[in-house]
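Annotated features in Swiss-Prot:
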- Gly10, Ala11, Gly12, Lys13, Gly14, Thr15, Arg124, Val133, Tyr134, Gln196: ATP binding site (BINDING)
- 30-59: region 'NMP' (REGION)
- Thr31, Arg36, Glu57, Leu58, Val59, Gly82, Tyr83, Pro84, Arg85, Gln89, Arg157, Arg168: AMP binding site (BINDING)
- 123-160: region 'LID' (REGION)
- Cys127, Cys130, Cys147, Cys150: Zn(2+) binding site (BINDING)
Amino acid sequence: MRLLFFGPPGAGKGTQAKKVAQEFQIVHISTGDILRDAVSKGTELGKMAKAIMDRGELVSDEIMNSLVKERLEELDSFILDGYPRTLDQAKFLDQATKELQKEIDAAVLIDVSEEEIVKRISNRRVCPNCGKVYNLITLQPKEDEKCDVCGTKLIQRDDDKEEVVRERYKVYKKNTEPVIEYYRKNNKIITIDGAQNVEDVTKELFNILRSFNKQ
């Protein structure tokens, strides 16, 4: 099985991708993994990517595309998480997987509304001392706003503030919507309601992929 995973920040996309990888024994790779792997191996592309990142710049589509293709050459089954992010990357991936005869079977969309994402992320609290993460709705501390482990007052990270979350969601929709539409037109999209609890999302996803795998 060759899968792509999409979903807004806070949808639990990474969690579900890892669960699927484990259940179906597929390699789960993220763009971060691909970059780190190429840099540590010291490949030509890895050296180019490292030089760009060392300057604090973003790795170009061209280099990222080549790195992804290089990694996919080594694998038969895979889950790609965090790629493609743009329509150009999606078109490149289509072409590359056709050449490698490893075409994408499905693109999984963990779909969650903006309001649900805001509710999830803006209610996160973190202990600045020991790093334990809480949620004021789903994983409350025993004592109000205090860490169960060390008693330190919990904080809200800047990234978890409502206005930042809404901006990230807006950027996600703007960049990813055309990519999702591209796969929808090609009948590759599997949409899962990500507003369910984690276990129910996993169960639904496993059931769909099991029947899909038998085809």
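Just so you know, glycine gets a Cβ as well, placed from its N, Cα and C.
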Nearest of the binding-site residues (Gly10, Gly14, Arg124, Tyr134, Cys147) to Tyr83 (AMP binding site) - Cα to Cα: Gly14
Per DSSP, three-state class assigned to Tyr134 (ATP binding site): strand
Thr31 (AMP binding site) in three-state DSSP notation: helix
C-alpha spacing of Glu57 (AMP binding site) relative to Cys130 (Zn(2+) binding site), in angstrom: 32
Recorded ATP site residues Gly10, Ala11, Gly12, Lys13, Gly14, Thr15, Arg124, Val133, Tyr134, Gln196, farthest C-alpha pair in Å: 20
Spatially closest candidate among Val59, Arg85, Cys127, the listed binding-site residues, to Gly12 (ATP binding site) (Cα to Cα): Arg85
Which listed residue (Arg85, Arg124, Arg157) has most other Cβ within 10 Å, given these are binding-site residues: Arg124
Near-site residues: Zn(2+), ref Cys127, Cys130, Cys147, Cys150, CB cutoff 8 A to centroid: Pro128, Asn129, Gly131, Lys132, Asp148, Val149, Gly151, Thr152, Leu154
For AMP, whose listed binding residues are Thr31, Arg36, Glu57, Leu58, Val59, Gly82, Tyr83, Pro84, Arg85, Gln89, Arg157, Arg168, the greatest C-alpha pairwise distance in Å: 32
